[in-house]
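Participant: Structure below; questions to follow.
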Amino acid sequence: MADPPACCAACATCLLCPYSCRWITAKKEKRKGLRTTKCDCSWFLFLFCVFLFTLVWLYFAIIILNDFHNFNEFIFKQRKLWLDWSLVLLIATAVLITYSSVLLVLALCLQLCGQPLKLHWLHKILLILTALVVAAAFTGLGIKWAEEWRSARISLQATGPFLHIGVVGGMTLLAWPLASFVYRTRNTGLKVFLLLVYCVVMIALYLAPLGITSPCLMEENQLPPKPALVGHRGAPMLAPENTLMSLHKAVDCDVQVFETDVMVSADGVPFLMHDEELTRTTNVQAVFPERAALNSTAFNWTDLQQLDAGSWFLERSPFPTVPSLSAGDRHQAAKQRIPSLGQALEAAKQSNISIMFDLRPENHSDYQSFVNATLAVILQSGIPLQQVLWLPDGFREQVKQQAPGVQQVYGRKRLQNEKEPLLHVNLPYQDMSSEEIRQYRQDNISVNLYVVNQPWLFSVLWCSGVSSVTTNACQVLKEMKQPIWLLPSSTYLMIWIVVDCVSFLTILWAFLLLK
């Protein structure tokens, strides 16, 4: 085999330093007679696997950002510590993927320059630690947040065609160092094995589009109407959740439904609150420190009116949008108080939007009195009953009798031989496939899925034909005029053929050029 050119040798000297931590020139390395051993090849294979492992985790990290606010709330309930853990996740993931990527690029360049792959022991330790950290992350995800596996499956409907092109491109580029290694090594068995594995992988990739399905592979004239927006606790990225300001900001985002949570005070006044404790979204620890850990329903309405329900939003910045709020919005947010259900109904009536709510906590011993108090406020408010969407399952028959005009929304799929057909369902977005959404749409069943914040997810559900989505990011989804991408099947077929042909010719060129 001919020696590498002088420029390659000079480059190899620079590559050897960070990869092998050998501060000598490539020529001295060659004179010492060092060669790539089987052990070195094993470590290169391990490096490649760690890179793929971290790359897959990066994909998952990006996908779970849609639901990461729920994780932040969970940590706060457990530790009483508020932090945007998504930032920690992204920084840690970026460090791991950057480290493994740089090492892999160095190894491939060294192979192209004909230099030995002598990975330093410190890199070996760090690679093992990287693999353990990513494995621990996947394990924790599977144990504590298993529904995110279904989120990943849905995400492939949005990213599948583009991931295919990216993977084909990456494997095509890998042909250059592979050809260099095959022509340099004298081990015939290893040559045959590597070439066989590479050919099998490439054939599988070339045929992969046969198994790729996406609801957004359709003609533009087949696109269903844009899903309506349901404000999750209002517009929580623009105002403190479950406040009148949040409701009005949601109205500005053209939401059709204000989704909230209702509890009933100790003296029978229904009010808006999501958590069973008041510590996350009020200053109860400062006003009633000895009672801060009590259930929200243990406070009477006079006590609740004394609490500040807005300053926490400015202090903790639960979303990245908070620091960019105008001075006027910040001033208004700081003055927010806990609203009663009656106030929320009046605001919804004036804004001509619907209101949908859960009644919490459903396991409370006085839950029936909570239902009665809530129904009384609804009937006294004067809001058209068709604008009220009732979510709680408890005492639903009583609600139907006392307020027959209220729309009943069910948190489950329809059952076989259902006596009364469902008209509205409200489910997590992971719980319904595109096929089920289409079937419900054909049967005139309104499907609302929650919580949808990322444009890629909204796009997939839009193409699937969902009726509405509950979102924290109404200001983002409002601006979407069409899905992120919409591709006719014939166009995708043409792209698939072109990509595969270019890839095949590039691989052929690499092996002929380096021969």
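Here the Cβ of each residue, glycine as well, is placed from N, Cα and C on the backbone.
Okay, these came from TrEMBL:
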DOMAIN    227-481  domain 'GP-PDE'
TRANSMEM  41-65  transmembrane segment
TRANSMEM  85-113  transmembrane segment
TRANSMEM  125-143  transmembrane segment
TRANSMEM  163-183  transmembrane segment
TRANSMEM  192-212  transmembrane segment
TRANSMEM  493-514  transmembrane segment
Participant: Sort out the residues at least 6 away from either end of the transmembrane segment (163-183), same chain, that have Cβ-Cβ distances under 8 Å to it, and list them.
Facilitator: 1, 108, 111-112, 114, 156, 191, 194-195, 198, 201-202, 205-206, 208-209, 212, 495-496, 499-500, 503, 506-507, 510-511, 513-515
Participant: Determine which residues of the chain contact the transmembrane segment (125-143) at the Cβ level, with the cut-off under 8 Å and only residues 6 or more beyond its ends counted.
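Facilitator: Sequence-distant neighbours of the transmembrane segment (125-143): 46-47, 49-50, 53-54, 57, 60, 64, 92, 96, 99-100, 103, 149.
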Participant: List, by number or range, the same-chain residues at least 6 past the transmembrane segment (493-514) whose CB is under 8 A from its CB atoms?
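Facilitator: Counting only partners 6 or more residues beyond its ends, the transmembrane segment (493-514) has Cβ contacts under 8 Å with 161, 164-165, 168-169, 171-172, 175-176, 179-180, 182-183, 202, 206, 209.
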